[in-house]
Amino acid sequence: MGASQSGPVHMFQDLAYKTGFSIEQIKNLHNRFIYLTQAEDTLRREHLENVSDLALNPIRRQIIEAFFDKRNMGEKEKGCLQEIGFEEFVTVLSFFRPPKPHTVDEEMKNIKKEKLRFLFNMHDTDNDGIITLDEYRRVVEELLSSYEIMGAETAKAITDAAMLEVASVTVGQMGPDEFYEGITFEQFMQILKDVEIETKMNIHFWNLDTRTVQCGK
Amino acid sequence: MASSVYLCLLRAVFLVCFVNPLIQGLSEDESVFQNPHHQQEENLTGLPIVTFKWHHVETPYLVIIWVFVAGLAKLSVVELNHHVISVVPESGLLIILGFILGGIVWGADRAQTFKLLPPTFFYYLLPQIILDASYFMPNKLFFSNLGAILIYAIFGTCWNAATVGLSLWGCYEAGVMGNLDIGLLQFLLFGSLIAAVDPVAVIAVFEEVHVNEVLFILVFGESLLNDGVTVVLYNVFDAFVALGGPRIDAAEIFKGIFSFVVVAFGGSFLGIGFAILLSLLTRCTKHIQIIEAGFVFVVGYLAYLTAEMLSLSAILSITFCGICCQKYVNANMDEKSVTTVRHAMKLLANGSETMIFLFLGVTAIDTEIWVWNTGFILLTLLFVFIYRIIGTFLFTWMLNKFRLVPIEVIDQVVMSYGGLRGAVAYGLAALLDEDKIPEKNLMISTTLIVVYFTVILQGITMKPLVQWLKVKRAAHSDLKLIEKLNNRAFDHILAAVEDICGRIGDNWWTRGWNRFEENYISWLLMKPKARKNRDYLFSIFHKLNLEDAINYVSEGERQGSLAFSRSDEAANVDFKKQFGSEFADVMPNIMVDMSNYELGIEHFSVTSIVKDTIPSVSLDIHGQDRKNAMDDINAHHLLQQHLYRSRKHQHRHKYSRSHFSINQNEDEVQEIFQRTMRSRLESFKSTKMGVNPAKKITKHHKKELTHKMPNGHPDGTGHLYGDEEVEGLCVFLPHLIEAGIENPVFLPDMDSPTHSPPWLMETEAVAPSQRAQRRLPWTPNRLRRLAPMRISTCSTDSFLMADVSLTLEEHEEHSQTDHVEM
């Protein structure tokens with residue numbers, strides 16, 4: 001963003017307050033951002049697609065999309081951005097920030113919900129609040145695509161089975177004329193309630209690769 | 001309650017009648033037994049018909065009697081736990097039972113004839129428990145917490161050994177224990193043998209508590225891996241004691257530290273080596289399937305003994321052997337062998353665990369070993385307890401600085417409380433050399449008391465403590481498949497975000513390793529065929545499907561149905577083989593019979609009529625089968641398709657040591673194969689061309705049932721699925737509705753459908769989705785998705801599974817053909 005040039009320190013503080021990162025971490029991430037964008041102001045999809053380690057990730061498309069998804073920016077509106085600034089970059093990454101120690105239960109619940117919301121949005125590609133079978137199928141297909149032997153057919157079969165599993169657990173008794181459309185966010189939370197997402201969906205933000213920073217500059 | 005008392009009595013009676021005479025015969029009346037025997041031989045005038053040869057069988061007999069007693073003990077303990085008290089863990093109860101048994105033996109002999117001797121324990125009882133623990137180790141969890149586990153195992157154990165030893169020595173110097181012949185080194189030796197948390201005790205207690213997986217793996221992993229440290233510390237101090245204080249210099253201490261590295265890593269690498277050997281071996285055991293399961297045990301035991309021979313850590317060796325080989329062995333071996341291994345492993349481990357705890361109790365009832373020194377014993381107990389807590393908190397505090405998810409205080413409390421000592425400590429104490437350590441017996445008794453205290457008292461209080469502290473329990477989830485899918489997606493997401501941040505972190509390493517493993521190690525250690533199915537997700541999927549199929553079959557049997565014979569896969573192959581020839585001539589008549597009723601569309605009314613006209617269940621089912629097929633195909637052709645040529649089954653009851661299966665006839669297998677291939681091809685063709693061969697429909701009619709409502713008339717069937725319990729079966733076994741009395745609404749509804757589904761009118765221009773639904777074959781492997789059908793008839797609407805069936809069947813077929821081949 002434009003502000004990053006004028007008063008980076010001030011902006012960092014702002015961001016640190018907003019996202020919960022430390023200033024140090026923000027600085028590191030900023031360096032990384034500059035490296036990724038080749039010193040441009042905004043990050044586009046191709047920048048992320050160029051990350052070499054990412055090339056082998058079977059679900060990189062979804063992950064990259066998540067960075068450009070407006071829903072993850074804390075805004076109400078839906079849709080996708082074409083390019084994002086540093087602020088958005090950090091906001092998305094903050095979903096992966098480990099919760100601070102001594103977080104109270106209430107807050108922990110919110111954190112958990114936010115993280116789940118992020119995952120949910122990632123699967124729910126058309127923004128309608130429901131992960132339909134087709135959407136989920138695409139996810140699973142991509143997920144399993146690294147195993148070339150397992151064809152798309154198997155992936156489909158597995159998806160269907162998984163979907164039915166969800167349906168059988170979350171919906172309970174359903175009238176015969178009702179239609180199981182897909183996983184809603186509530187159901188999504190329900191099926192993942194035992195997975196301690198708040199303790200798992202975290203990565204360390206220290207020890208970032210500083211070598212790349214120098215290359216970038 | 002009554003049964004357990006009865007069992008106790010039974011055991012007591014058994015002991016008195018059986019064991020005691022034997023023992024007496026063994027110890028006192030030896031001559032009495034011997035003499036008549038000899039006399040008999042000397043005065044042999046003719047051929048003795050029966051002779052009594054106790055001494056020929058004495059040792060194995062006693063061993064097996066004790067195994068038997070241990071089995072009974074386990075039985076009674078489990079019964080007791082079920083009905084009377086569930087507060088005391090099984091391990092504690094077994095020890096107490098051991099006290100009683102030991103008392104009986106002692107009462108008979110005035111001496112403890114039976115003891116847990118260190119060689120027995122280390123060579124015959126311990127290995128299988130460790131092998132079991134490592135073979136079923138959740139690898140991912142283990143390796144992702146390996147850092148913490150190692151810290152606890154290495155530094156925690158050293159800390160415990162040093163502090164306990166030094167504190168005891170300090171107290172001794174202060175004069176608390178009176179006059180004992182123990183020096184500093186001996187205290188340290190004692191400290192090192194009492195320091196290690198015991199895997200057997202930990203498994204036994206924690207298995208019943210169900211704490212969360214991270215906590216479990218931390219305690220359990222520590223207990224497994226600290227053996228290396230214990231052995232080294234023990235050996236080093238043992239050597240130091242032998243050397244004597246003055247001759248220990250810096251070089252010796254350095255050698256001690258170095259030997260730790262060698263012992264621990266040497267043992268681990270040896271284990272990994274044996275794991276590779278085992279994996280390679282199972283690659284080529286296809287033709288000796290019946291004994292391939294044995295290799296797992298033999299090689300595991302070899303790993304243990306070899307490490308012992310090289311004075312490396314045997315426990316570490318067998319642990320890593322189990323951990324590393326599990327994946328490849330499970331993939332390489334036949335599914336049946338895998339099951340065999342699994343069960344045999346559990347059997348052995350459970351059995352020896354029972355023996356160990358029982359004998360820990362029996363051993364105690366012996367006046368010889370008991371030396372009481374209040375100061376020493378109480379202080380040991382206190383220090384063991386206190387330093388475990390301090391150590392845990394100390395190391396956790398350090399670890400938490402680096403851990404992404406800090407270990408909570410509550411978990412730390414449970415961890416420190418879970419520091420159970422067990423038979424390993426006792427075994428080491430019993431191994432002490434009495435010449436070098438005059439107070440050996442005091443050490444043994446103290447060790448025993450520590451063991452009893454931790455296993456019984458801490459074991460009893462563990463459950464209440466865990467409940468009281470509200471420790472996070474292991475999450476139990478029904479959602480197996482989706483959970484795995486999510487976990488998989490998760491790993492990738494985390495790795496990707498790390499990549500984007502440019503961090504080389506855990507996920508980066510994990511992924512790198514996974515790729516390496518996939519490309520090279522799997523290639524080396526796995527059968528090419530197994531590699532195809534190696535995907536974890538798929539294996540879960542496969543397993544769930546198998547489970548469903550089994551459930552379905554047993555459910556069908558429970559309801560007196562032979563409906564499962566409808567699918568042309570393994571289950572019905574047998575069935576048809578057996579009954580096919582007998583029914584072959586009856587069937588066509590029925591077919592004709594039914595074709596009269598067959599109106600092309602209405603299945604249900606026909607079913608009910610058929611049900612009335614044909615009394616036999618099995619016939620009915622076949623009828624149901626064929627009836628649906630009538631539109632396109634005649635019964636004769638169908639029968640020919642479904643029934644295998646009847647043969648003279650002279651080979652049916654042949655006994656074979658190397659094969660279970662009786663239908664090994666080559667022709668037969670060939671025929672089965674050809675038939676399945678043909679049907680597969682047909683269904684394939686039909687999917688591609690949109691032609692519906694009747695044979696497929698026979699299996700689809702259930703599908704059609706469910707789809708009729710959503711597609712045609714969504715509102716006309718509101719109460720079709722009244723009763724959750726029966727509806728599942730009722731839907732696919734309409735002819736059995738009679739049995740489902742609980743579901744009265746069902747029948748009329750089924751009998752009088754007021755409409756015909758639209759797609760049945762269409763012949764060529766079938767909408768893809770609808771055709772897809774009809775395609776869905778109803779074979780047991782479909783069951784995964786059948787279960788929720790009960791919930792919503794419409795749910796399938798979203799499952800446009802036009803062609804999934806093929807692949808699925810193919811996979812199922814794999815396993816099925818395997819079965820047939822067997």
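Including glycine, each Cβ sits where the backbone N, Cα and C put it.
If you check TrEMBL, you get these features:
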- B:1-25: signal peptide (SIGNAL)
- B:61-80: transmembrane segment (TRANSMEM)
- B:81-468: domain 'Cation/H+ exchanger transmembrane' (DOMAIN)
- B:92-108: transmembrane segment (TRANSMEM)
- B:120-137: transmembrane segment (TRANSMEM)
- B:149-170: transmembrane segment (TRANSMEM)
- B:182-206: transmembrane segment (TRANSMEM)
- B:215-237: transmembrane segment (TRANSMEM)
- B:257-281: transmembrane segment (TRANSMEM)
- B:288-304: transmembrane segment (TRANSMEM)
- B:371-397: transmembrane segment (TRANSMEM)
- B:442-460: transmembrane segment (TRANSMEM)
Two-stretch contact, the transmembrane segment (B:371-397) and the transmembrane segment (B:149-170), at least three Cβ pairs under 8 Å: yes
Ranked first among B:61-80, B:92-108, B:149-170, B:182-206, B:288-304 for CB pairs under 8 angstroms with the transmembrane segment (B:442-460): B:182-206
Whether the transmembrane segment (B:92-108) meets the transmembrane segment (B:120-137): three or more C-beta pairs under 8 angstroms: no
Interface-richest range of B:61-80, B:182-206, B:257-281 toward the transmembrane segment (B:215-237), CB pairs under 8 Å: B:182-206
The transmembrane segment (B:120-137) vs the transmembrane segment (B:257-281): 3 or more CB pairs under 8 Å: no
